[in-house]
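Comments concern the structure below.
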């Protein structure tokens, strides 16, 4: 029972990480880092909650989260792709801004409620028969819709990236934008589109925390998990399947940490269990000698004069 | 370039500050507040009494240091995102030193805490630098993750060996009087740490522009190939830069623990690192600019707090102002570069018309 | 039959040129490509000036000339990468407007560049698909493309595994992929820019077989090269360019290597008045001795292959050769910037192979690099800082880690005066200086460092005449101070004007050494092109 619970928790906790990391893979393959990921997660969580609360419909909440991410991405993309400003500097500015902005706009909408506002979080959708499979059944087939979406996204992402013309262009843009330019494709447009898509997805991923899990919105709801999604993209070697493995590993670490904390098993201090994902990232970053980093990641593309 | 044009261009950061504040003002309208009234109130409150003005500098003190942390590394084209963690390590070292060496006289204890906090932050930071030098690891990711590890260590220690005698809350005891940084202006929060921070900024300036180490750092940051051509060992620079940068952030820990809080509470000042990045950007990674930017942010915080206390605007407006100012500054960098390039083009064309093309 | 025409009026070049015109006109239907009056300006230079060029159907046209002659620029205009400032382009008898490589491809023009536009981490098929993305054939499936690649490969002897990853292919195979990209898009006119620069002799043979097959099928090839022997082997017609203009046009039968060399390198060389009046010291002690040096290039092949030379004190040893024959790798190895695979470098008897850059600087070896922006200067530092860039640890400029600002300032003032560096002050960022003054900073610094040896690579690249003259006089002064100077330049005139002895580098070795008095332009030119008198023609 405990193991099943942990597995189910693992898959659930890995969902937003998976969505965020997939989005990051997509955009980094074109050569742009979406450094605003943590901030967009937060904005997605906020927008999702506000939308769901005001309209009493989680569906609208999710849509608003996607839209909010899209809008932020539009500005971030403009600064980094077209104005060619530094991605890390711009992203950090956005991250700082979103903390204040989400709190402020929450206040604008709701004032200071005496009791924290809540919505009914997404309920799990049990898939009949399959969810009865021992051990994995609950974990894989009794989750909320976002989790199922995330799985579909992995498959879809893999197929698009490696088996379609669009995916070819995306992959080529980060590997050698000159080759893409020589083929007559507008590099900036590809990158901007990728930023828009990834930001929209990041918004959705953030909404998982407020709508799919806790049913409320607080300042610390994301708590650095956007950065973990960012790291997973790295560690998964910019490949949807690698990202899937990475997200599950981190989700597992998260779920194990929760269960250790709630149980009496206190061999390792709590704090280090919480820090496990981050330590994992450091170790993996160092250990991995052979990253398939997109060759032109982080470099703005400047066309040669004619 | 004409002198007047040069001055106009160098004032771009100032325009951005105003732009950022203006945009924040628009947001204030959403809460039915009149931004002009709000800003006027802010100015009046801030300068109304010495306590508030002093508080500006008190708040600016740690910001100068975390700003230096990011800015110094930036000069080497390195990204130290882990200032928050290095700050916490400095806090831990300083509070431990203050608690366990509390019986030493202030003249010995305070400098000891300075050294210890700087060393703690520096060593923590140099781990990142070493990872980059040895394994060519991505310092952005590692420095960011190191913050969370530092938080874990801090939380563990605060709840464990360093916990207060009462054992109730996750915080340490109050440190002895001899470990308190004396105030410059009595009955305010402004302590001599501010002066120390300015001195450290001057030191950063001195290192970067007056020493061979700084020469190497800047060369590596501006042109790695030329630096190699000049015989500079860039791997050593990685470690050295991250040590110094981390030491700056660690020193901020001394400032906050011994100067303001006089104890260590779990999870305090959680945005000091990120704000440091913003301040470094605003100050163009130059120690003098960082000092001014830190004072600006300090003013925003103090004024913002006062506004919060006296009106219906929530404290999150402060973060908004900071973020919008930062974004405006980034945009102004783009504009400035565009203008400079256009001017240079015009100059080149004029020159060509005079001399004729060369072959 | 040849007819000599009037020299063309050229506003910026004083020398006279002969223009050979073929009397037999080319029929309209035979013209695949016609370029009329093409002119292209870049800031500070004229890349092409009123160039007329015709490419017949079913012929291989060799476009011959030294580096900087304007051949690549001209072809890039044809391929739509540059827009001409003046002139017209006619394809198949119709006037066309080519504004992008896509336009060129749709007209049947393909180009194989020196630097491939390939995505190394992708397969051959993916690369071909990407390049054809905006064409109707770009919608094909992977298997369809793979099949066609195999077919084209078989037809022309360009077999490549369609599913191989490009970064695992040899350079020769990678070039095949570039060609396949163009053929897949239906190119009937293929422009090849120095294709044999990266090929081994065997691969070159295979490439030529392809070119002949391609021509047999009625297509045309424009073969840009500077290698005379290849031209004689593969070309039907030859057009020679120099300084942005056409200086000669011959058919293969009418051409001889000597004639082509002269057209390429310029008749005016025989009229050069030697700029250094006094004789170099040909009997000084040997200061630098290189023995069987082997250095690998960045791409992995042996760029310097058992090279040996000696340089004496008070002598300028000039290395002449077409770029890409190992000059830069040689210079970098001598200065400690590139690791050495074998051989020795003896500086006053001591082997300096494997020593760190700082140590070599302290041994008194100065290095003026080819690319001052990438290596020689830090553009955002000021003049003072750049002047001490390689010696900031010396006692003159720093004490216990602190820079001695006053000393540095004085030193800079002296250098500015001595080298007539035009700048408002020594605190100005080097980025704002003109190219000539930037180079003066580099020269000033390296002259000071070089107490024994000075290595100068392309020291006058991109400079105006006044700056060139200044640098030359500085090198001569260094010689008179007793330094050993290694001058590496692709400008033959420069090498000839300054050197006491001239070594020709070809494929990583010094193939021939001349004393200045005995040097004959023709011989040197031939040696540069890899033709030696020992070979039977």
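A Cβ is built for glycine as well, from the same backbone N, Cα and C atoms used for every other residue.
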Given ranges A:127-144, A:145-162, the stretch to which TrEMBL attaches the annotation transmembrane segment: A:145-162
Feature transmembrane segment in TrEMBL, mapped to one of the ranges A:169-193, A:194-218: A:194-218
Highest-contact recorded stretch vs the transmembrane segment (A:60-81), from A:6-27, A:145-162, A:194-218, A:272-291, CB pairs under 8 Å: A:194-218
Cβ-Cβ under 8 Å with the transmembrane segment (A:145-162): same-chain residues at least 6 beyond its ends: 11-12, 14-16, 18-19, 22, 25-26, 29, 62, 122, 125, 170-171, 201, 204, 208, 212, 239-241, 243-244
Contact set, same chain, for the transmembrane segment (A:194-218): CB under 8 Å, 6 or more residues outside the stretch: 12, 15-17, 19-20, 22-24, 26-27, 29-30, 32, 34, 36-37, 40-50, 52, 58, 61-62, 65-70, 72-74, 76-77, 80-81, 102, 106, 116-122, 144, 146, 153, 170, 173, 225-226, 229
Distal contacts, the transmembrane segment (A:238-260) - CB-CB under 8 A, six or more residues away: 2, 5-7, 9-15, 17-18, 21-22, 25, 28-29, 154, 157-158, 161, 228-229, 232, 266, 268, 270, 273-274, 276-277, 280, 292-294
